[in-house]
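Participant: Take this structure first; my questions come after.
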Amino acid sequence: MKIVTTVQEMQHITKELRASGKSIGFVPTMGYLHEGHATLLRKAREENEIVVLSVFVNPLQFGPNEDLDRYPRDIDRDENVAKENGVDYLFYPSVEEMYPVEQTTTVEVVKRTDVLCGKQRPGHFAGVATVLMKLFNITLPTHAYFGMKDAQQVAVIEGFVADFNIPVTIVPVDIVREEDGLAKSSRNVYLSQEERKEAPHLYRSLCMAKERIEAGERNAEIITTLVKEYIETYTKGTVDYADLYAYPSLQVVDQIEGRIILAIAVKFENVRLIDNITLTVK
């Protein structure tokens with residue numbers, strides 16, 4: 001595995017690889033890698049001749065009062081996970097390397113961002129889309145891999161890639177969970193011992209909702225109310241949202257049909273956790 005820290009070198013490498021006809025699987029991350037990231041890397045390894053991993057904590061996607069400065073970082077751990085999962089190139093640029101001068105251009109996302117995390121975090125998806133536009137142009141991937149834990153992000157990225165005719169296939173990958181159902185996340189380290197015991201109830205609330213839908217419930221408001229009440233009963237967390245939308249359009253639905261997403265965000269004392277399920281309802 002080769003570690004690359006400059007845009008110029010990474011772009012030179014990937015240009016040569018693409019010119020020689022190689023397929024490139026790209027996994028963009030903010031580091032502090034866990035089994036969810038490893039799953040993305042393994043899928044990229046299975047489906048491509050070359051695997052490129054980026055580790056970059058992107059300041060553009062953090063709001064003024066968010067956790068940019070304390071976001072967990074451990075490059076030694078990340079290198080080990082990368083090597084264990086067959087990464088060929090680890091792209092590890094500094095903020096100064098990615099943004100040597102103030103951006104004169106950013107990508108504004110105008111659809112799919114006024115609900116869920118986009119509603120709570122204005123400007124977040126513009127930051128995500130801007131850094132991905134840069135990373136796609138630097139790594140020149142044929143395929144890019146994203147976890148469905150942030151399903152709204154996947155929907156936004158699919159739309160932005162289609163809108164700009166970017167020649168990359170977006171590959172969504174299922175959420176990876178702990179044995180008790182908690183979605184794996186770099187931010188889980190912020191949970192207190194008691195909160196960690198409560199956190200699996202997020203997924204249990206989604207499973208309960210899925211059972212009700214499969215049993216015939218089609219009223220979206222009834223389902224989201226059930227989820228909120230369950231989480232408020234079994235955790236001390238504050239429900240930021242528990243919403244149900246058509247997917248990937250993220251249009252509001254009153255009656256549940258077609259492909260839908262049920263997504264939640266819950267604030268604990270030092271961390272905000274998200275989770276979701278997607279299902280197709282006939």
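Each Cβ is built from the backbone N, Cα and C atoms, and glycine gets one as well.
What Swiss-Prot lists as ATP binding site is 30-37, 147-150, Val176, 184-187, and the listing cites sequence analysis. The feature active site, proton donor is assigned by Swiss-Prot to His37. Positions annotated as (R)-pantoate binding site by Swiss-Prot: Gln61, Gln153. Under the heading beta-alanine binding site, Swiss-Prot lists Gln61, citing sequence analysis as support.
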Participant: Val176 (ATP binding site): which of the recorded positions His37, Gln61, Gln153 have a C-alpha within 10 angstroms of it?
Facilitator: His37
Participant: For the binding-site residues listed here (Leu33, Val176), tell me which residue's CB has the most neighbouring CB atoms inside 10 Å.
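Facilitator: Comparing the binding-site residues Leu33, Val176, the most crowded Cβ belongs to Leu33.
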Participant: For a quick check of packing: other C-beta atoms within 10 Å of the C-beta of Ser186 (ATP binding site), how many?
Facilitator: 18
Participant: Long-range same-chain neighbours of Gln61 ((R)-pantoate binding site), Cβ under 8 Å, sequence gap at least 6?
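Facilitator: In sequence order, Gly123, His124, Phe125, Gly127, Val128, Val131 meet the Cβ cut-off.
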Participant: Long-range same-chain neighbours of Met30 (ATP binding site), Cβ under 8 Å, sequence gap at least 6?
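Facilitator: Expected: Val55, Phe56, Val57, Asn58, Tyr71, Ser186.
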Participant: At the Cα level, what's the spacing in Å between Gly36 (ATP binding site) and Gln153 ((R)-pantoate binding site), rounded?
Facilitator: 16
Participant: To the nearest whole angstrom, what is the C-alpha distance linking Leu33 (ATP binding site) and Gln153 ((R)-pantoate binding site)?
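Facilitator: Just about 18 Å between their Cα atoms.
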Participant: On the three-state reduction of DSSP, what should I expect for Val176 (ATP binding site)?
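Facilitator: Assignment for Val176 (ATP binding site) reads coil.
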Participant: Can you tell me how far the Cα of Met148 (ATP binding site) sits from the Cα of the residue listed as 'active site, proton donor', in Å?
Facilitator: 11
Participant: Gln153 ((R)-pantoate binding site) to the residue listed as 'active site, proton donor': how many Å between their Cα atoms?
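Facilitator: Here the two Cα atoms lie 15 Å apart.
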Participant: Tell me the Cβ neighbour count for Gly36 (ATP binding site), meaning other Cβ atoms within 10 Å of its Cβ, over all protein chains shown.
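Facilitator: For Gly36 (ATP binding site), the count of other Cβ atoms within 10 Å is 20.
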